[in-house]
């Protein structure tokens with residue numbers, strides 16, 4: 001499933017029963033659950049015969065009580081195991097941890113393979129005991145159909161549980177989507193191997209950590225001197241060796257021009273015409 005891990009989608013999604021019942025491993029669990037009911041139900045209901053004395057129940061499989069006990073025990077435990085893993089299938093999409101999902105899938109592989117082996121042993125055991133049963137032990141052929149049904153569905157259960165193990169192994173091979181379920185992810189701010197601090201997007205709010213913030217220009221950066229016209233100011237390119245990073249209004253000159261005019265010399269300081277003529281013959 002795209003964007004998921006081990007055959008399930010992202011955690012936190014809505015439960016979809018239609019998707020659940022269409023999954024192959026869920027179908028096999030339900031089938032195995034039904035087969036287990038048939039096996040232990042057949043043995044419990046018709047797997048015991050009354051003895052000639054009438055005071056003892058004898059197993060229909062060659063009068064071997066171990067055969068009937070084994071079939072009932074495996075059937076009941078398989079019934080409970082199917083219910084447990086059906087509940088896990090319902091809860092599995094809600095598991096957010098990849099490690100927990102991995103453990104669940106691995107347990108599914110092990111348990112399914114183990115039960116396939118138990119059903120194989122049970123089939124061989126029941127079939128062997130049924131083969132060596134003596135006709136005189138059951139002259140009325142009581143419970144023969146139930147005994148054959150238990151053997152048949154024990155054989156079918158081998159493949160249903162083996163199929164569950166194969167499907168679980170395929171889900172294990174799918175693994176986790178590294179883009180969404182990376183187990184080795186590390187917060188860059190906590191990674192000491194980084195040579196520089198991670199970039200933090202500037203924000204308009206306060207920045208107590210000193211990681212970033214909105215640059216604010218000083219209010220008096222481009223204030224003009226009192227009484228000076230703005231048109232007489234020089235541009236920033238006349239004062240700065242580098243180009244301005246952004247359009248800036250005119251900057252004040254480093255030395256404002258003087259507004260006082262040089263006073264004209266007084267008449268007393270100038271020599272008179274007559275005095276000047278007496279200097280030259």
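Each Cβ is built from the backbone N, Cα and C atoms, and glycine gets one as well.
Straight from TrEMBL, the features:
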COMPBIAS  258-281  compositional bias 'Low complexity'
DOMAIN    20-173  domain 'MARVEL'
REGION    196-222  region 'Disordered'
REGION    254-281  region 'Disordered'
TRANSMEM  30-49  transmembrane segment
TRANSMEM  69-88  transmembrane segment
TRANSMEM  109-130  transmembrane segment
TRANSMEM  150-169  transmembrane segment
(request) Could you give the residue numbers and ranges of same-chain residues that sit at least 6 residues beyond the transmembrane segment (150-169) on either side and whose C-beta is under 8 angstroms from one of its C-beta atoms? (result) 24-25, 28-29, 31-32, 35-36, 38-39, 42-43, 47, 71, 74, 78, 105, 108-109, 112-113, 115-116, 119-120, 122-123, 126-127, 130
(message) What residues elsewhere in the chain lie close to the transmembrane segment (109-130), defined as a C-beta under 8 angstroms and at least 6 residues from its ends?
(response) 32, 39, 60-62, 64, 67, 70-71, 74, 78, 81, 85, 147-148, 150-151, 154-155, 157-159, 161-162, 164-165, 168-169, 172
(request) Six or more residues out from either end of the transmembrane segment (30-49), which same-chain residues have a Cβ under 8 Å from its Cβ atoms? (result) 57-61, 68, 71-72, 74-76, 78-79, 82-83, 86, 115, 122, 137-138, 142-143, 145-147, 149-150, 153-154, 156-157, 160-161, 164
(message) Do any residues, 6 or more residues outside the transmembrane segment (69-88), come within under 8 Å Cβ-to-Cβ of it, and if so which ones?
(response) 26, 29-30, 32-33, 35-37, 39-41, 43-44, 47, 104, 108, 111, 115, 118-119, 122, 125-126, 150, 154, 157, 161
(message) Considering every residue in the domain 'MARVEL' (20-173), what is the mean pLDDT value?
(response) 90
